[in-house]
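Database features, via TrEMBL:
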type	residues	note
DOMAIN	4-85	domain 'GST N-terminal'
DOMAIN	91-218	domain 'GST C-terminal'
Amino acid sequence: MATNEVKVLGSWPSPFAMRPRIALNLKSLTYEYIEEKLWEGKSELLLQSNPVYKKIPVLIHGYNKPICESLIIVQYIDEAWSSGPSILPSDPCERAVARFWAAYLDDKWFPAVKSIGVAKGEEAKKAAIALVEEGLALMEEAYDKCSKGKGYFGGDEVGYLDIAFGSFLGWLRVTEKFNAMKLLDEGKTPGLVKWADRFCSHAAVKDVMPDTDKLAEFGKFVIAKIRAAGAAAEMH
C-alpha cells in the first residue's frame with residue numbers, strides 16, 4: 001500500500017493519537033504520520049478533516065475520507081483491513097466487554113489520572129489517587145478474565161482493550177514520577193505490571209510510546225498552563 005493512501009494526524013504526547021498508529025502497525029500497514037503542534041495552533045488540514053470536534057487523532061484513508069475519534073478509528077482499521085490480525089474479539093460478548101472497559105477508561109479512569117496533577121490541596125489529590133487505584137484494581141480483574149491466562153487482554157496478541165489501556169501507560173508513569181509513588185504495583189496489580197512491560201516492548205508499540213522523561217517535561221508545561229489559566233480566572 002502506498003504511503004499517501006493512509007495518513008494519521010496526531011500529536012506525540014497524546015495517548016489517543018497513539019491508538020490508530022498501534023492498530024496500523026499491528027496490521028503491518030504503511031502510513032504517513034503528520035505531527036500536529038497543537039500548542040502552536042491547529043492546522044487547516046485538521047480543521048477541515050475534523051470540523052466537529054477539531055481534535056486529533058484523525059485517520060485519512062484515500063481521497064478525503066477522514067475518520068475521527070481514536071477508538072472509532074481503531075475499529076475502522078480492524079474492519080477496513082480485515083485480512084490482517086484481528087484487533088477486536090470475534091465473540092460478540094467479548095467484543096462488548098472490551099468496548100465497555102475502553103469506554104470506562106476514557107470516561108472515568110484517565111480523567112482521574114489527569115486530575116492528580118492539577119488537584120488543589122492534598123484532600124483533592126488523595127481522592128483522585130483513590131479513584132485511579134480503584135480503577136487499576138478493576139482492570140486487574142478485567143485482565144484476568146479477558147486474557148484467559150495469556151499475555152494480553154486480547155489473548156495471545158495485542159487487541160482493542162490493550163490499545164485503549166496501554167496508550168495511557170506513558171502518562172501513568174509520568175504521574176508516578178511527579179508524585180514519587182507507584183500506582184502500578186507488583187503487590188496489588190501483578191498481572192497488569194507484567195502486561196504493561198509486555199505491551200510497551202511489543203513491536204507495534206515501542207516506537208510510538210513516548211519517552212517518560214520527555215513526556216514529563218511536556219507535562220510540566222501543560223500543568224503550568226492550566227494553573228496559570230486558573231489563577232487568571234480567579235482574578236476576574
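Cβ atoms here come from the backbone N, Cα and C positions, even for glycine.
Mapped onto DSSP helix, strand and coil, the domain 'GST C-terminal' (91-218) counts 90 helix, 2 strand, 36 coil.
Here the domain 'GST N-terminal' (4-85) has, by DSSP, the following mix of helix, strand and coil residues: 34 helix, 16 strand, 32 coil.
Mean pLDDT for the domain 'GST N-terminal' (4-85) in this predicted model: 95.
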